[in-house]
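Asker: Here's the feature list from TrEMBL:
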| type | residues | note |
| --- | --- | --- |
| COMPBIAS | 736-751 | compositional bias 'Polar residues' |
| DOMAIN | 302-453 | domain 'GAIN-B' |
| DOMAIN | 457-712 | domain 'G-protein coupled receptors family 2 profile 2' |
| REGION | 730-751 | region 'Disordered' |
| TRANSMEM | 456-478 | transmembrane segment |
| TRANSMEM | 499-519 | transmembrane segment |
| TRANSMEM | 539-559 | transmembrane segment |
| TRANSMEM | 571-593 | transmembrane segment |
| TRANSMEM | 613-638 | transmembrane segment |
| TRANSMEM | 659-682 | transmembrane segment |
| TRANSMEM | 688-711 | transmembrane segment |
Amino acid sequence: MYTGPCKVLHLSSGLLPNSGRFGIVLSDEYQVVTSLWCQLYKTHAPQASGRLLLNYLVIPSKAQVKKPGYIPNLGECSHYRSKIHLKAGDKLQSPEGKPKTGRIQEKCYGPCISSSNCSQPCAKDFRGEIGFTCNQKKWQKSTETCTSLSVEKLFKDSTGASRLSVAAASIPLHILDFRAPETIESVAQGIRKNCPLDYACIIDVVKSSEMTSGNIAFIVELLKNISTDLSDDVTREKMKSYSEVANHILDTAAISNWAFIPNKNASSDLLQSVNLFARHLHIHNKSENIVNELFIQTKGFHINHNTSEKSLNFSMSTNNTTEDILGMVQIPRQELRKLWPNASRAISIAFPTLGAVLREAHLQNVSLPRPVNGLVLSVILPERLQEIVLTFEKINKSRNARAQCVGWHSKKRRWDEKACQMILDIKNEVKCRCNYTSTVMSFSILMSPKSMTDKVLDYITCIGLSVSILSLVLCLIIEATVWSRVVVTEISYMRHVCIVNIAVSLLTANVWFIIGSNFNIKAQDYNVCVAVTFFSHFFYLSLFFWMLFKALLIIYGILVIFRRMMKSRMMVIGFAIGYGCPLIIAVTTVAITEPGNGYMRPEACWLNWDNTKALLAFAIPALVIVAVNLIVVLVVAVNTQRPSIGSSKSQDVAIIMRISKNVAILTPLLGLTWGFGIATLIEGTSLMFHIIFALLNAFQGFFILLFGTIMDHKIRDALRMRMSSLKGKSRAAENASLSPTNGSKLMNRQG
């Protein structure tokens with residue numbers, strides 16, 4: 001490396017308007033061979049009186065260059081070509097790292113009149129402007145076109161590198177071409193000239209640019225031009241470079257800036273460009289992971305009519321902190337049979353963040369935005385294939401996050417609900433069957449607002465619970481009023497003990513259910529939510545076990561006639577079954593699942609299903625008890641008095657009415673209405689089953705009051721006697737107050 005005397009040469013655009021970028025001769029004393037052959041002068045540049053300095057270089061003198069055998073050390077030379085405005089007191093910016101821009105003026109000055117607009121210039125080194133709109137007497141940014149990118153800048157580094165190879169160190173100077181580079185007028189021209197094999201020459205410039213709205217729009221147009229002009233022969237290397245550029249503007253840090261792009265179709269253009277480019281991708285191996293960027297992944301495989309059912313699995317994060325979101329593309333076997341024997345290809349592209357910026361057009365009938373709640377999955381298939389199955393994991397797993405399977409219609413630029421049909425919708429994932437066409441190649445799920453069906457069921461539940469709670473309170477009051485008159489025998493005593501405990505358990509469970517439904521889960525309230533879940537679980541189990549004990553009492557009354565059990569022993573058994581068994585199940589459930597935070601659901605104070613299946617600790621006992629109680633009801637119906645030989649039709653009707661009455665009374669008391677819950681778990685169940693289930697169980701407290709208390713003639717008789725007794729006492733008190741003896745006593749006191 002040359003270490004002799006050096007001079008600092010300032011190349012000013014004002015002094016050298018026509019000089020080439022890499023090779024110029026200034027005078028006999030100084031000669032610039034190429035900036036690649038010179039070291040940067042890394043101290044502070046001298047004052048330049050505001051002139052624009054293109055390069056400032058330390059170069060050897062002409063005499064040293066002419067020495068025999070002198071070859072500049074290319075490996076130790078730097079290359080610096082940033083344009084820098086220097087003013088008095090300014091310091092040069094380090095070439096390493098991303099270029100820094102000045103802060104954008106985030107508001108306009110002057111009077112803010114409603115719906116008025118204004119604009120501000122972009123920061124230094126950016127072209128374009130920022131638009132503002134006056135809204136509620138405040139300036140709010142509406143558009144931004146600030147960009148630092150251009151076609152010339154994309155290929156600035158590549159042009160110089162292509163003109164001088166490292167191998168040129170051994171080439172005599174007079175052979176080197178020092179002419180100015182040709183002007184590049186289009187992206188396609190620049191790529192064909194500088195990096196036709198892998199398109200990699202544009203990556204560094206794009207990835208070092210700031211993610212402003214203007215730069216995002218420029219990169220979308222860049223990708224659009226590449227897809228249009230350079231997609232005739234797409235290799236794995238080209239797809240990787242293309243995806244790296246797309247990944248830059250799909251970063252979570254860039255998402256908020258998409259909103260200020262004036263072209264509202266930019267996101268749709270990006271999706272269509274990626275799909276178009278991937279359509280021409282060649283796959284060499286049977287199965288390939290082609291692109292694995294953070295915000296765009298591409299996979300593909302070969303298929304033919306003999307291929308078994310194929311699937312592509314994706315796992316991507318919507319940001320750098322959350323867990324990965326899963327997605328899967330499946331090609332059914334019956335579709336693969338449509339293919340020709342020769343091999344075809346299937347390609348799928350996954351986007352975790354594109355759904356957040358996709359804007360729908362022409363939505364006159366949709367008043368609210370429909371957020372995407374999963375990965376956006378694009379598919380490129382042979383034309384003969386028309387149906388695919390896609391599985392999406394929900395981003396928002398809230399119980400209110402209803403899903404809708406959709407496909408993106410590239411011509412209409414909106415989500416098309418007719419393109420897909422939902423197969424399965426559970427809390428965490430949605431499975432869709434979609435129709436693949438040349439205009440619908442991308443699919444996802446939307447988070448729809450609550451449907452009218454949900455609102456109807458919510459209204460039924462709220463009204464039913466309110467009526468149920470009031471009915472249960474009234475039931476307990478009536479039982480307390482007539483208790484001494486109706487508990488004459490051991491069986492009647494235990495029957496009313498069961499009714500009271502069923503009412504108490506259901507009343508308490510409903511109260512805890514309401515608390516849990518309106519409870520907002522926060523980090524500091526986690527233990528409270530665990531307590532709410534525990535008590536809801538315990539009292540709903542108590543409800544079912546007391547129903548079971550009542551059913552056992554009925555069987556006991558039918559089968560055991562001559563030998564009766566002591567009341568104290570029956571009480572012990574009743575409370576052991578009614579509260580002991582639920583307590584054991586509830587405590588065991590929380591002890592097993594809570595250490596791993598799997599006891600309750602993340603969005604509600606109720607038993608977890610997805611991770612630990614803790615809900616089975618409620619569902620299994622409840623369904624078993626319903627099945628046992630159903631058998632008891634059938635036994636009661638069979639043992640109801642049979643018609644005697646030669647009985648009249650009126651007697652037959654009376655027996656049928658008696659059986660129907662018994663079944664009607666026992667159904668709510670034994671919890672048979674919960675059997676409708678099984679039907680609601682089956683996919684595709686009619687709405688009517690959901691409404692019936694909500695009505696029967698929300699109003700269960702009212703049915704207990706009606707069939708367990710009011711329709712019991714002994715309770716009605718006891719109430720009438722109680723009311724007569726109260727009326728008799730009030731009349732006696734009234735007569736006593738009006739009797740002559742009391743009147744004379746009253747006169748004497750007054751005297």
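Residue positions begin at 1 at the first shown residue.
Each residue, glycine too, has its Cβ placed from N, Cα and C.
TrEMBL annotations: computationally assigned, not manually curated.
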Asker: Spell out yes or no: are there three or more C-beta pairs under 8 angstroms between the transmembrane segment (456-478) and the transmembrane segment (688-711), with each pair 6 or more apart in sequence?
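Answerer: Contact between the transmembrane segment (456-478) and the transmembrane segment (688-711): present.
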Asker: Is the count of Cβ pairs under 8 Å between the transmembrane segment (613-638) and the transmembrane segment (571-593), pairs 6 or more apart in sequence, 3 or more?
Answerer: yes
Asker: Taking a Cβ cut-off under 8 Å, which residues six or more beyond the ends of the transmembrane segment (688-711) line up next to it in the same chain?
Answerer: 453, 456-457, 460-461, 463-465, 467-472, 474-475, 478-479, 499, 502-503, 506-507, 510, 661, 664-665, 667-669, 671, 673-674, 676-677, 679-680
Asker: Give, as a single whole number between 0 and 100, the mean pLDDT over the domain 'G-protein coupled receptors family 2 profile 2' (457-712).
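Answerer: Mean model confidence (pLDDT) across the domain 'G-protein coupled receptors family 2 profile 2' (457-712) is 83.
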